[in-house]
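K.L.:
Quick paste of what TrEMBL says about this protein:
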- 382-395: compositional bias 'Basic residues' (COMPBIAS)
- 405-418: compositional bias 'Polar residues' (COMPBIAS)
- 594-605: compositional bias 'Basic and acidic residues' (COMPBIAS)
- 7-142: domain 'Telomeric single stranded DNA binding POT1/Cdc13' (DOMAIN)
- 363-418: region 'Disordered' (REGION)
- 584-606: region 'Disordered' (REGION)
Amino acid sequence: MKPPTGFEELSSVAEKGAGSEFCAVGVVADFLPPTKSRGADYVITFTLTDRSWFQGEGLKCRFFGRTEDKLPNIISKGDVVVLRSTKLRQYNGELMALSSFQSSWLVFHQQDILLNETEVKGVLPFSKMSDQTPSPGKDIIDYAVEICNFLDRSTFGEPAPVTSLQASNIMGSNGPASSPAAKKFQLIQDLTLPRTTRDLKFADLLGEVRKVYMNDFRVELSITDYTSHESLYDYAHTLDDEQGRDGDGFNYIPGQKAWSGPWGKMSMVVTAWDSHANFARKNVGIGNIVFLRNVQISLDREGDRMEGNLRGDRYHPDRIGISICKPRQAQGDDRVKALLKRKRDYEADLKLHGIKGLEESNKLKDEAVQQPAKQPGLTAREKKKQRQKERKKAKQKEAQKARANTTSKSASESLNPNIRTNKVPETVAPVKISEITDPSVLQGDFTTPAGNPFSVPFKNNLYHLNRIRVIDFHPPNIADFAAPHKTSDYECLSDYESDSDISMDLTDPHGAEVEWEWRFELLVEDASSTSPQESARMKLLVAGPDADFLLRSIRATNLREDGKSLARLKEKLFLLWGDLQERREEEEEEQEAKEEGGVGRRLEPSGRPFECLVKEYGVQARHDGAWERVFAMFGTSIVSD
């Protein structure tokens, strides 16, 4: 029987990783009675299992409540617990389900479930968190009965309560504490080989894929977690192409590219079979970080090197034991974070000894077989310029129509209905630009402990500007509103400092992976001022997720090559600032010989005033370490009916 709609098996839940939310039904394999937490709450810890869970006792769960009656009413092993809106967290290196404010529970007691009963005809008694918790339907009741009777019910029973003081006395009277049970997740350096052929060893591994070999039956993944083991192959660093290359010296047999590291005994071959191989064949590539679940550890046929095998489950043939982890998961997964730190330390050690890093090594060895990129012909450029001119003329016609439609004073003074903001917090009152940019706000009543007054370089504040208008923008070319960003596996590390993107070569096929993000600036002014010459101005940064929210459905990309996205962007911005772009282009053509267009020149666009949310923060300059005051738009979006 499959889980009810909206619920998952526990093995699938565990594969989702830290930070994921889930709903599941499980049988209590073990639990501790409710106790007082370190704070004012009560806490209960229990372990859930089901038919899909074969390795270990089950998924550990921990629920908190203001009072004891808010905790799951578990009275014995075998009770069935229904969890909703529960989150996975990493706690002391272990994956655990923790309750949140949205979580709810429901418990069926095993003593109310008849033995070998597969379908409940009547109503099965239950206890639930509160009146707001949904009552179980027939599908949930039948599934709870089915998984309860799937397990050996002779092992069910209430555990004897043991206090921490009793446990401490018992451990003290019997000598030092016994060693804890081996954890399923292990580093390569900690793996142990089976002593006999009957001694089966299994482990969960996390590593980066450095080589892939596949055929119709299996996929071999060479992975590393940047720890070493004596039973692995020793890759010695060489300057030629012979080390680690498949095939033959005459190229009669095509081979893969040369081994590019890591060097030494750091890489382990794990062979995926069945459904695991099908998944790896379609989804796994060199450079991916993969989590491999339930890998059998053994020696190869020669008995010299350690290897791993990821075999299919005959009871669950569709189950997949491979999941791909993104570097950004390091923010919530200590295992991924530790792997990235070890990789960074390894590459730093390579540079210290004058050895090319992993990515640079790949680049040098591939240059010989790469074909030069084809350069676009002159005819294509002329066609592109012609299309740009046609689009420019069409835009100018649209701007003239819009200018004619916005000549009335009442229309120009009303707020732009196409610009909307998130709900403004009650603590954020509407202000004018002049009230924010006034230097006196940074002085205030700040004094040192000695009583000496001082000023601050910036404030971490939120503002609500209810009548502003865009009068200029930067960069001058809208095609540059999206900027390339070199991605790095180490971005999620707190001590990471990125290199400059200025020297980035976008045509280099071996360069770092590039992502595009919005990054531009708007010059705005108070639209409520009676004298435009005296109206206060402010530069607003629009970047990252805040820019994505502003532009909504338009994704950042290389706008110099993506003409369709550029056209959509211009149409979107037309709703924000009216014919500002067209007027700016007209003025630049007239004054091209006199001055270079940039942020600061006053234009007279027809855009209607709008409201937006602004956040203030400080950015430390790299050259002198001084703090710069920055204003950025957030919570504001361009909508079109």
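Cβ coordinates come from backbone N, Cα and C, glycine included.
Because TrEMBL annotations are produced automatically, they should be read as predictions rather than curated entries.
Worth saying up front: this structure is predicted, and the values here are computed from it rather than measured.
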K.L.:
Averaging the per-residue pLDDT over the domain 'Telomeric single stranded DNA binding POT1/Cdc13' (7-142), what integer do you get?
P.N.:
85
K.L.:
For a three-state summary based on DSSP, what are the helix, strand and coil counts in the domain 'Telomeric single stranded DNA binding POT1/Cdc13' (7-142)?
P.N.:
18 helix, 56 strand, 62 coil
K.L.:
Can you break down the compositional bias 'Basic residues' (382-395) into helix, strand and coil residue counts using DSSP?
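P.N.:
Computed counts for the compositional bias 'Basic residues' (382-395) are 14 helix, 0 strand, 0 coil.
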